[in-house]
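**Q** Here it is, the structure, as structure tokens.
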Amino acid sequence: MDPEQNAWTRRHMLGMDGLARHEIGAILDSAQAFRDVNYREIKKVPTLRGKTVINLFYENSTRTRTSFELAGKRMSADVINISASSSSAAKGETLLDTVATLQAMRPDVVVLRHGDSGAPHFLARHLDAGIINAGDGQHEHPTQSLLDLLTIQDHLEEMGKSSFEGMNVAICGDVLHSRVARSNAFALRTLGANVRFVGPPTLMPSEATKVFGVTVHHNMEEGLRGVDVIIMLRLQLERMTSAYLPSVREYFAYWGLTRGRLELTQPHALVMHPGPINRGVEIASDVADNPNRSVILEQVANGLAVRMAVLYHLCTGAARNSAQLGESL
């Protein structure tokens, strides 16, 4: 790829909506270079020495927060973790007041997870630092989408494909409350994949076809037939304010990914899940642990490399291609 075309020029990583193919490619190329670092005996590089990264989490998240913390530290950045429960936010401080406090610290990047959609965009308008959206309400979760893309890309050859073009991907479950579903729909469509939302009508956004350009299936068997990739989503009961389904047991009976339903997909189909997994609710244990089909643990491992890549581009404004980055590591 032409280095000029592979340049990353954005100040923030707020979402997958609007990112071009070459921008997604720049992150994935860099992530592949950083992945090698994580397999060295000494898993540390001086890439972000002297840079300050603040992880500001208003919602709990073991995987995402730990992944961002480790990503920053492995690149020698100074990393500060702030959780809402232990910060002034718990005492009534507004997000705008928090912005003023952060501005005084002069960080290079702020990683924000927040329960309100649009909160990272608010920070980007008021804070002189790069902002990474680590999940905002039901809006987007771009780094989860990027690690999903990297995981799929790793398996293109065994799937008999050279790119995402024409790939069939089913995103199944609680799509309504899922920021992961939204980010993946935007990204996969940009890369040329065909995306299906599969789930009960009560858990499907009304704007699915118009906004995301996907096809919608309310029958699990129909939605899974012939797909190359399955991305299962958990039921986000904490975001449900009314009865969206009769019972968890009935949900699994109709919408759970079982071995029998997996057989409806392509023989090479990948099983993915952003976590945390609810076994026996959206996915059966023998499917989640299937060594030939499940790549769930690969997703976790790739998350670290992707977040290193995003921090690298935002902190350095780097427009290097992957070969140049690899030489510098």
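Our numbering is plain: 1 for the first residue shown, then up by one each step along the chain.
Note: Cβ is positioned from N, Cα and C throughout, glycine not excepted.
OK, Swiss-Prot features for this one:
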BINDING   R63, T64, R113, H141, Q144, G275, P276  carbamoyl phosphate binding site
BINDING   K91, R179, R234  L-aspartate binding site
**Q** According to DSSP, does R113 (carbamoyl phosphate binding site) fall in a helix, a strand, or coil?
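**A** R113 (carbamoyl phosphate binding site) sits in a strand per DSSP.
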**Q** If one looks at the chain holding H141 (carbamoyl phosphate binding site), which residues at least 6 apart in sequence have a CB under 8 angstroms from its CB?
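**A** Listed in sequence order, they are N133, A134, G135, R179, V180, R182, S183, P274.
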**Q** If H, G and I count as helix, E and B as strand, and all else as coil, what does DSSP give for R234 (L-aspartate binding site)?
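**A** The three-state answer is coil.
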**Q** Among all protein chains shown, how many Cβ atoms are found within 10 Å of the Cβ of R63 (carbamoyl phosphate binding site), not counting that one?
**A** 15
**Q** So how many other Cβ atoms are close to Q144 (carbamoyl phosphate binding site), meaning within 10 Å of its Cβ?
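**A** For Q144 (carbamoyl phosphate binding site), the 10 Å Cβ neighbour count is 24.
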**Q** For the binding-site residues listed here (R113, R179, R234), which one has the lowest count of neighbouring CB atoms within 10 Å of its own CB?
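**A** Relative to the other binding-site residues in R113, R179, R234, R234 has the fewest Cβ atoms within 10 Å.
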**Q** List which of the binding-site residues R63, T64, R113, Q144, G275 have their Cα within 10 Å of the Cα of R234 (L-aspartate binding site), in sequence order.
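**A** G275, listed in sequence order.
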**Q** Which are the residues of the chain, R63, T64, R113, H141, Q144, G275, P276 excluded, whose CB is within 8 A of where the CB atoms of the carbamoyl phosphate site average out, their centroid?
**A** S61, A134, G135, V180, P274
**Q** Relative to the Cβ of G275 (carbamoyl phosphate binding site), which residues of the same chain, six or more apart in sequence, are found under 8 Å away?
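**A** In sequence order, the residues whose Cβ lies under 8 Å from that of G275 (carbamoyl phosphate binding site) (at least 6 apart) are R63, R234, I296, Q299, V300.
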**Q** Using Cβ-Cβ distances, find the residues under 8 Å from T64 (carbamoyl phosphate binding site) that belong to the same chain and are at least 6 apart in sequence, listing them in sequence order.
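**A** Sequence-distant Cβ neighbours: R113, A134, G135, T143, Q144, G303.
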**Q** If you draw a 10 Å sphere around the Cβ of P276 (carbamoyl phosphate binding site), how many other Cβ atoms fall inside it, taking every protein chain shown into account?
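**A** That number is 9.
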